[in-house]
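Have a look at the structure below before the remarks.
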Amino acid sequence: MECVNIHHNHDNANGYSEEPMEISHGVSSGGDICLSGQQPSAKFSDPSTLVPPESLRDLVTKLHEVFENDHISVEYVQALMTSYQSRSKEWKRFAKFDPHRYTRNLVDSGNGKFNLMILCWNEGQGSSIHSHANSHCFLKVIDGGVKEELYEWPSQDPTDENGKDMKKWAENEYSKNECAYINDSIGLHRVENPSHTDKAVTLHLYSPPFDECQCFDERTGRAVISKVTFWSKYGRRTPFGRSQGTSQSSDAKNDSTSTASVKPISQ
């Protein structure tokens, strides 16, 4: 599993925070997000004991409390995210749509331990097949529905010039208030809004935060490193959001990555 060593900083007391701090990685043998060798806090280890958040702001507050600990239960965080009952009036100021691609909109930077963001998907929009940079990813649907396709990591054979089709091993559909989880040891995935009539909105938590990931060509398994960016932060458009184009990943015409920062991965 993934062990996360995080350097602390001080954050806004009411959540909806500013910039993340540096994060380094290690490896542990448990089933949780571990920030040290300690066991998860008893208060935040049993999902049956959690009190559901009353609002999105309350969810942010509770997430900050959970991530103050040095060992976090994935099961508990997923249960906490699931227990939040979406109400559009609480998140609509963060929901920024683009007619050409899905958008990533930062809600809270989690004192450097996590990023909480809202992704907005117009009809038919989707991501490329991508990794998560050794981060833990929680995906909760807060409006509409999304489809997730899971893929195996491609083999890296330097003698294979043409590559091979990537192997899809699962497909899931999630509706409002359902929550999924993935990390790189599980595999790669692609997310899309399969509807041709309805928009979709998803709430994502990534721990630790990251600004680059690998995007893959489904036909060859070839990967590029893509810079991931925010269309908005804390409800306000970013300068990059006003000017960025679409990704150059071959199967990601709607992808929310920077064209200027896409570079091939050394084989």
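Note: Cβ is positioned from N, Cα and C throughout, glycine not excepted.
Just so you know, TrEMBL annotations are computer predictions that nobody has curated.
Since this is a predicted model, take the numbers as computed values, not measurements.
Going through HIS100, HIS189 against TrEMBL, the one listed in the Fe cation site together with HIS130, HIS132 turns out to be HIS189. Among the binding-site residues HIS130, HIS132, HIS189, the residue whose Cβ has the fewest other Cβ atoms within 10 Å is HIS132.
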